[in-house]
């Protein structure tokens, strides 16, 4: 009797629950209706936009009048700092947008940038059928599902129609950036192009250790071994203890992290964890190439000899870099900015230490290789219901035209806003810590990634390093704000850029990847660590490769090759 | 006389029971709204859930999500890891605060007692993100303080706590107990505070020493709450502590340290597969339900004790 | 008395030593964090700080309190904790009292109890809960943080077990005197259950103080974040791969000393409240006062 009553109440509860979810389901259906009417609606909007320019919002003096509203959402990370009591909703940038462009920026919601908060909030918000913002910036990886939702419009067409020449010129430097987001010939997301080569690695070495032990910087893996041996066994820090390591590295999950190991593999001819071409020119997954086996054998030897910290498979980049900054390790592979942070701390912690960048060492066959980070991480999606996409382009065009590479005497000659990223004291511009009240980067308030011409940053640094006189405001600012080490590293990066391998697969997860990829990744990491720690012989690598292909790798490789061919890869 | 009492009692029940039902109303309503209504979302376990389609519009996929959980090569191993780590945690996590509460109960200096109590519950407030970092430092093979002490005092070779599967499990359980035992003591202390002192007085009259008093009065008085706690803990047997494992594990201990939640995290949550997440949750719920009902019956049949 | 015997004295000495050792083991990480909070940035980031500050400075604490959001979030957290605990306690008492009766004394008890227990095990998950809160219009209000967890079944079960230890005679006497159940709960049960109430209040307060996820998803902007949500965003390691690299930002984000200061400040209020609740855990005071 009681039991029956219990089930009754449970059943009625469930029915009611269904009713509630039915509500939301109804909402979802409405969304569906919108979607089915979408294509025609979309075309209508596009064609009307194309035919009658009169549909566009009225502008006077280069700004929208009356004011136009632009809605968006964003994650506000810890890197976004404020001064003068400003907030993300009301700050020097939002006021500028209103005054200069007549654009009123509205945030539907904001989240922290940790714990996948942004993604969670976006998922929840869509599930509850809350309105989507006009523009939405997400990571390239997350964009694919959103594109499939049919809630966004053909961004490529809008780009062609509205983007300014300077913006188009920047984008033309990296045409492949669009590739992952093409659906039926339409470019559904605008890649947030970033500086190229800024993540390419160089070899950072404690120069004072080299000098003390009377060594030369290594140019080959064999020389690197000798130097590491000296760093471990010849007491470079002079404390009489054998407590130093040759090199810091991370072999936890990501072998191409910002403290890299990829270049060690690369010296042997294959870079792990990216899709690359094998000797026959076919696309393959780097980690299963035979060259990896040789490199793994080398790394194992180095762990055994104490060149690498024994816990290198437990350490992430932060942990690894602590070894360097506390003066316990002498070599690190990392990008041009690695000296500015965190390696520079070693100078504070160990008086007299000097860190210098050197080119990547070559392997036994003279090979060099490392993974590229690609052209962009983020993309901009444009809501299908956004009636006036020109509002967004008005904003981004303006920044590409005037802020990206500012003209002398122009609005942004020294930076975005006086008192934030620069100030004028007397009649001289000051930057960084010299700004009264502290430096704040207003570009952090921008709608998405700031405008960036891919080639400009590292190339300019390298030029300045090689003695070119800075002329434009951009060059002057870089020359003043960059460390010598970073400039030197930039020259090295430019000279070795041909050895950087792009990840050839940039599409959405393939069907088989969705089910098998995490398992394959676990398999790979487990097999590698077993070899590195001597829990399995080097020959177990061959079994791993066989198992990898059998457990879905074969099919995925085929899918990747098909995709690569479909986007016109050779 | 007896009959009147009976009559009075039943009138009580009759006239006063309604008061008890009235007292239940607010909680019943709140639970209905905030716990039962959202349960409709369990249907997501059978969907390929897409946020923009909502719960009502996402396509149905039958048992696909469950297949994914059991169809993976090493899901049995992962389930086994979860149960092993979880059971060790439940057992050790009950014994430690139980014993500690008993020991604390013997302290006669109030100031010292309070001092100890305040200190031991501190680790509870540190997140695993923080503790993970501290532990990795402390347990490091070269230079970690624990290994320095071990090699110094015992002359043994350094132990790779976080790099060896078995040591990893032990480390997970010990660090969990260390973090939570102080806070767990609080429930037992409240129980101890509730024991009637006249029971001890009577025992002293009977000539029982402190050990006998503890054995025959204190421990039995703490048993019901211990069983209740154990039962409730069983409901979460497939939760072996995501935050902790996630912040401590690494590729070297996947074989023995990978648990359901970390597995699900890697497989589904980074990809935003809500349907799969719900399916795993539902599976965990049923296992928990089974264990709770079983232990509820056992306590009732064998101990004649109603856990709740 | 037993505590004067030699055996017991030996035990006592050992006991004191063990308890002392365990206490120290528990407090070391907190000391480490405090030491980091008072240390210079470079030393902390290079992991050179153990249990004593290196390059002593209070800069981290100053920075923390300079952050307006921090102070506002502190206020929101206090509000939420006080309101949440009050509602929780009220519901806990009036609900666990009937449930502590035997099934024959309270018809329907078993049904009620399973009605609650099931919700401990099964939950709809995040998506439907969020939809519910939005449909009820509770997002961006304090109620979204307070109401969903107001009835905690775990506490309910513990409380009803505590209530059962109270002698039935006291209840019957009260009822025979003509008191209603409600009055009996307040006059008889409440005073006798202070240790249990203190325990469960502490759990709830800690729960409210530390819970961060709900604050994050039910608020549309960071201004209304409770402290725990704010701290979470600061303490958790940023995912470096997703932000556009800029060494200046990274140096700021990875500022260990500020993180440490905030962790400490975040735990402080609970550390301060605990000693006040502690007196309820002192053995035997309560029931001893009752003459049977």
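In case you wondered, yes, glycine gets a Cβ from its N, Cα and C as well.
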Transmembrane segment per TrEMBL - which of B:49-70, B:115-136: B:115-136
Interface check, the transmembrane segment (B:181-200) with the transmembrane segment (B:20-46), three or more C-beta pairs under 8 A: no
Positions whose Cβ lies under 8 angstroms from the transmembrane segment (B:78-103), at least six residues beyond its ends: 72, 120, 169, 172-174, 176-177, 180-185, 187-189, 192, 214, 218-219, 222, 226, 229-230, 233-234, 236-241, 245, 256-261, 263
Averaged pLDDT score, the domain 'HTH myb-type' (B:1-20): 61
